[in-house]
Amino acid sequence: MNGGAERAMRSLPSLGGLALLCCAAAAAAAAVASAASAGNVTGGGGAAGQVDASPGPGLRGEPSHPFPRATAPTAQAPRTGPPRATVHRPLAATSPAQSPETTPLWATAGPSSTTFQAPLGPSPTTPPAAERTSTTSQAPTRPAPTTLSTTTGPAPTTPVATTVPAPTTPRTPTPDLPSSSNSSVLPTPPATEAPSSPPPEYVCNCSVVGSLNVNRCNQTTGQCECRPGYQGLHCETCKEGFYLNYTSGLCQPCDCSPHGALSIPCNSSGKCQCKVGVIGSICDRCQDGYYGFSKNGCLPCQCNNRSASCDALTGACLNCQENSKGNHCEECKEGFYQSPDATKECLRCPCSAVTSTGSCSIKSSELEPECDQCKDGYIGPNCNKCENGYYNFDSICRKCQCHGHVDPVKTPKICKPESGECINCLHNTTGFWCENCLEGYVHDLEGNCIKKEVILPTPEGSTILVSNASLTTSVPTPVINSTFTPTTLQTIFSVSTSENSTSALADVSWTQFNIIILTVIIIVVVLLMGFVGAVYMYREYQNRKLNAPFWTIELKEDNISFSSYHDSIPNADVSGLLEDDGNEVAPNGQLTLTTPIHNYKA
């Protein structure tokens, strides 16, 4: 009975090891399943994703025998949990010549070096005494490679065997015991492998617009084949240099100008980022105020702040302001000059277009401009004065009207500048414009002033020409014949009188002649009006002439209404107011009343 109990006690370690082995297998299966889902399996002590297929050395320095390979996915699961314990199968007492096939299986579930080893019990055939007296120790053996048998997951990768070397653990020395038929090693149950399932078909989910083929992609990465201008795993976004056109829903190229754009990519609306002075959706032209589109962009217009725009190709300024002109608005227009101060402002010339050409210029050493050219009759820096031989007439210089009777050498001005009156008339002329002859001179057919001549009769019948001057100064010589003298004197005086009247008429000016004519016309008109008035009065007098005495009352109206009188005296006898014998009805409705008072009836 004691032997049976002892055998039962000895079999307990074997049963415990078997239970531990089952637990280790379950833990390994769970780890393999999680690793298969992640796509990675890590060998014990190895790098991630690497498989060590080399067999380890056998026990006691003997060559190792190859183990059957177990399939496992190459992907390694991330190590996120705590270190896992390595479970060892219980070792049975073996002889030194034992085959390596009886080497215990080491199942590793992680890189942890913690080892749990079941205690080795004595052989059931070994007596206790021998166990106590045995001093022989077994040589330490090198750990044998352990092959982990796992089931393949749904990953499409090719399963390979993963060899995990077991950590070196000193073995407990066991005494060499004779083999006995009673001692037996529990057989290790074979590992069962789950049947592998075929990999499922990969769904591409490529973009209909951006991919070449909706159902064609890389089965490993899932990358679709994109059209030009598209990118992304499913070709769902636009590449750099392209933008999404919301109208068509397609990725279109930006087409930004390399000269005018700061960068080739554009924004989501397709607008490029332009350089300074460049405009346009693709930055391909210069904006107002810039010119010369090139690889450096556009240059600002050089218009001296007098124009806001210029020609896009040549840079010539357009619409120059502030009375300026030129390609860069650097000059002043006609009739303007550039001020000498720092502003360089274009100011209007102080030159009238009536007196000059209107243009002016200013010298570098002067502060006031001068007119370039004055018209005839004007002088001065601003052409505002009359030249010699001209006079001011209502702010206009007119030429002196002296008819050539003033010497311009002796009298340069010829006439007074303020009034135009001729100065120093020559050629026996006088007057405001030298239009008259001096006393004793008359105009000839050519308009010159010549002396007057008088024809005097002689006793012999001939005539003598005597000038007016000689007549006024000489005294006639008396003659012997007394009868001839009065005749001669009368003739002389008559001739002198006629000559004086002619001279008087010659001295009458045109203005005076006009006044005389006007006066005569007025007198004639007044006389005609008086004559017409007299005729009218005479006819009226004839029409109103009466046969009655002067005290007769005249009634001017033929129809006289007596309605008021009849209303006041309804029973009055109008015919009895006057005597039939003593009153007569005057013609034209006139009523004549006689003087006797008794002719009226009460």
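Just so you know, glycine gets a Cβ as well, placed from its N, Cα and C.
Candidates considered were Cys434, Cys449; the recorded disulfide partner of Cys437 in Swiss-Prot is Cys449. Candidates considered were Cys238, Cys266; the recorded disulfide partner of Cys254 in Swiss-Prot is Cys266. Here is what falls inside 10 Å of the CA of Cys256 (disulfide bond) among the disulfide-bonded residues Cys266, Cys274, Cys283, Cys303, Cys383, Cys449: Cys266, Cys274, Cys283. Sorting each residue of the domain 'Laminin EGF-like 2' (254-300) by its DSSP state yields 0 helix, 15 strand, 32 coil.
The CA atom of Cys251 (disulfide bond) is located 74 Å away from the CA atom of Cys374 (disulfide bond). Across the structure, Cys386 (disulfide bond) and Cys317 (disulfide bond) place their CA atoms 42 angstrom apart. Per-class residue totals from DSSP over the domain 'Laminin EGF-like 1' (204-253), listed helix then strand then coil: 0 helix, 16 strand, 34 coil. Closest in space to Cys346 (disulfide bond), of the disulfide-bonded residues given as Cys204, Cys272, Cys360, Cys425, is Cys360, taking the CA atom of each residue. Between the CA atoms of Cys374 (disulfide bond) and Cys360 (disulfide bond) there is a gap of 10 Å. Rounded to a whole number, the distance between the Cα atoms of Cys272 (disulfide bond) and Cys437 (disulfide bond) is 96 Å. Of all the disulfide-bonded residues in the list Cys217, Cys317, Cys425, the shortest Cα-Cα distance to Cys238 (disulfide bond) is found for Cys217.
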